[in-house]
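Student: Can you read through this structure? Questions will come right after.
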Amino acid sequence: MPADWTLIFPMITGSTMAIQAATFGAGFFSFVTGLPILFIVWMIMSRGQFDFTSLTNAEWWSYMGGFLGNVYMIMMCFLIPRLGGAIVLGTSVVSQLVTAIILDNFGLLYIPQRPCTPLRGIGISLALLGNVGIMLASLAYERRLVAALPREEEVKIDCSVAEEVVDATNSIRPSSVLETDAEEGDLSIRRQQQSPKHNEANGSATPALTNGSIRNSQASPPSNHVLSIPIALPSVLDWRLVFSVAGGTCLALQAAANGRLGLVTNSRPFAALTSIFLGCFPLCFLYLWDSNMTRTTDFRRIWKNGKWWMFLGGQYGALYMLSTSFLVQRLGTAIMLGVSVTCMLFMATVLDHFGVLNLQRRPATIGRIVGVLMMAVGIILVAIF
């Protein structure tokens, strides 16, 4: 199949999805803010006229796009802080591409059938290997960050003695403070060491006490040294990665569902609008539960200190939904998702390398660059052949 000029759209939307991931973590607000744009586009393209009887002709699963997107978003929010972004995003991308290949090869869910030719198979293999290379390079970088952290000497003491020391002085402070820089949009955990002068000012002449041990203050970094560490040290062998694979599969199925709904109703903007609208309800429930029951997120602080660009995630998501609704039937899920994912990873590499949008700076390693190039070459082969 010759290259299609519409490939420019998944390239653009894939790049914006990388920016969305960096700027807007609140899924509910991301969905809600995308609704007005899709509604305006739908009204303009339909000129206020729509045949609602066509809704009964669509299969039930074509309305599941919003819920499938919810599954992916919830899985990412749950797994990334626990396993690390590199391994979670890497496995989800692999599952996206594999699911898209299966849908295209067998023509499932009314996707136009595109058999896997030898050159197409080579391209898919290159794309998968490139993604694995990116994942392993990012994983190795995160492990080097953890290994580079200064190790403090520990002297074990009796817990009863420790309690007496605390009661006697009432001035022992932890040697380090974990904090998150929410005002600047940096969600990485930072460890800030306190200086010996701080302990002296509080009348404490004893070393810092943590978990029943005395830490040698001479082994600590200088007081003005701030370390940015990963939220979690990822593990390649973890049973929870099954949920990451399931989330990636749901994202590929979402594209197929939106494309089918847009084809049956003859209105791609309506399909994208329906997907985001239905996806708002589960996220609204989770938002109310988080803000009223667990209170783990300080939403007032976010609204007060959040940067303006942090609230553009919904617009990026709306563009992505429109692009999938229009192009899945034309290009196929493998090409559509492959181009989108490749551009997303390329943009993510650029953002990480320069530390744009208050991201923690992660230099682009050779392995990561080679992985992105392999994915680009592989997707080009898939698109052409």
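From the backbone N, Cα and C atoms, a Cβ is placed for every residue, glycine too.
Copied straight from TrEMBL:
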COMPBIAS  190-221  compositional bias 'Polar residues'
REGION    177-221  region 'Disordered'
TRANSMEM  21-45  transmembrane segment
TRANSMEM  60-80  transmembrane segment
TRANSMEM  87-110  transmembrane segment
TRANSMEM  122-141  transmembrane segment
TRANSMEM  237-257  transmembrane segment
TRANSMEM  269-289  transmembrane segment
TRANSMEM  309-328  transmembrane segment
TRANSMEM  334-354  transmembrane segment
TRANSMEM  366-384  transmembrane segment
Student: Give the nonlocal contacts of the transmembrane segment (309-328) in its own chain as ranges (CB under 8 Å, at least six residues past its ends).
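Tutor: 6, 9-10, 12-14, 16-17, 19-20, 23-24, 26, 29-35, 37-38, 41, 111, 185, 254-256, 258-259, 261-262, 268-269, 271-272, 275-276, 336, 340, 357.
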Student: Under 8 Å, at least 3 Cβ pairs, sequence separation 6 or more: does that hold for the transmembrane segment (87-110) versus the transmembrane segment (237-257)?
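Tutor: Yes, since the transmembrane segment (87-110) and the transmembrane segment (237-257) share at least 3 Cβ pairs closer than 8 Å, they count as touching.
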Student: Which bits of the chain, at least 6 residues beyond where the transmembrane segment (122-141) starts or stops, bring a Cβ under 8 A of a Cβ in it?
Tutor: 84-87, 89-91, 93-94, 97-98, 101, 116, 234, 236, 334, 338, 341-342, 345, 349, 362, 365-368, 370-382, 385
Student: Same chain, outside the transmembrane segment (269-289) by at least 6, Cβ under 8 Å from its Cβ: which residues?
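Tutor: Residues 26-28, 31-32, 34-35, 38-39, 41-42, 45-46, 50, 62-63, 65-67, 69-70, 73-74, 254, 257-259, 261-262, 317-318, 321-322, 324-325.
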Student: Looking at 60-80, 334-354, 366-384, which one has the highest count of Cβ pairs under 8 angstroms to the transmembrane segment (237-257)?
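Tutor: Checked against 60-80, 334-354, 366-384; highest Cβ contact count belongs to 60-80.
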Student: Can you name the far-off residues of the same chain, 6+ from the ends of the transmembrane segment (60-80), with a Cβ under 8 Å from a Cβ of it?
Tutor: 25, 27, 88-89, 92, 109, 231, 240-241, 243-244, 246-248, 250-251, 253-254, 257-258, 260-261, 264, 271, 274-280, 282-283, 286
